[in-house]
Amino acid sequence: MTKFIDSQYVHDMAQTTNNLYRHGWDERNGGNVSLRLTAEEVGAFSDTDKVLRQIPIAFDASELAGKYYLVTGTGRYFKNMVEFPERDMGLIRINDKGNEVDLMWGFNDGGEPTSEFPSHLMSHISRLKQDPNQRVIMHCHPTNLVAMTFTVPLSSKRFSRTLWKMHPESIVVFPEGVGVIPYMCPGTNEIGEKTAAKMNDFRVVVWPHHGVFAAGDSLDETYGLVETVEKSALIYTTIRAQGGEILQSLTDKDFRDLIKRFDLTANEAFLTPDAQTETVE
Ligand code: 2HA
Ligand code: ZN
């Protein structure tokens, strides 16, 4: 039987974290990713059936008891994940009480899951209620999106409309918009709760002055979601840097045309501006 290190899951996590690093969205130990695997998927390997050790978690994850997650480690650098996957990521199973995880593979130098793991699990719980195929939570620091949190009002509607107006792909890829929470201290259960609450309505939650939490059914899809949000943020940043007035952008009529053409279920509340004066922001 194949060893877990040779699995597609480890390969895909290593590739994805490497892509995140190369985009410049995960400097030093910034960012973290978790990928849910089924018991059948885990059972296909020769070295994933033994509990290596137990690791306590600071959150009641009993709703996820028995579920498996391949997760990046606390303090680990995404730039190293390709070379040292068995050290920098781990495969865990949530135990029955929900207050500990069983380590099944990885973290072979004594490592533990990311400091944002409680936030990941809370978001997994929210998204699984919306989407039974939910698999991935991804946290990273996309530069232009973070920059926008200093200049655009911190409202989900203002952010979503601004991003939608930059590129027709935006409303197609995230028709529900993006959620924005207030600035909060990272690595706490409070930011996890706030993020998970927003995840009831959005797959992308913006953490002002810090980064983004994104959810999806696969690593590719979640990565593509962040890429699309960040592409629109880059366009916004670039047009602001060009200076001068913004002369034109996508309009509410253009949103309606895209919704019709691509049969989208878009966020109705975001389809018309709040203020008469709203232009591109
Ligand atoms: O994992 O990015 O928010 C390091 C972080 C915490
Ligand atoms: Zn972060």
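Cβ from N, Cα, C; glycine included.
Predicted automatically and left uncurated, TrEMBL annotations should be read as such.
The active site feature in TrEMBL is assigned to GLU116. For GLU116 (active site), the count of additional Cβ atoms within 10 Å of its Cβ stands at 24 [all protein chains shown].
Reduced to three states, the DSSP call for HIS141 (Zn(2+) binding site) is coil. Taken from TrEMBL, the feature Zn(2+) binding site applies to HIS139, HIS141, HIS210.
Here TrEMBL flags 11-237 as domain 'Class II aldolase/adducin N-terminal'.
In this structure, the C-alpha atom of HIS210 (Zn(2+) binding site) lies 13 angstrom from that of GLU116 (active site). Taking the mean position of the Cβ atoms of HIS139, HIS141, HIS210 as the Zn(2+) site, the remaining residues of that chain whose Cβ falls within 8 Å of it are GLY30, GLY31, CYS140, VAL146, PRO186, TRP207, GLY211, VAL212, PHE213.
Look at HIS210 (Zn(2+) binding site): DSSP puts it in coil. By neighbour count, meaning other C-beta atoms within 10 Å, the densest spot among the binding-site residues HIS139, HIS141, HIS210 is HIS139.
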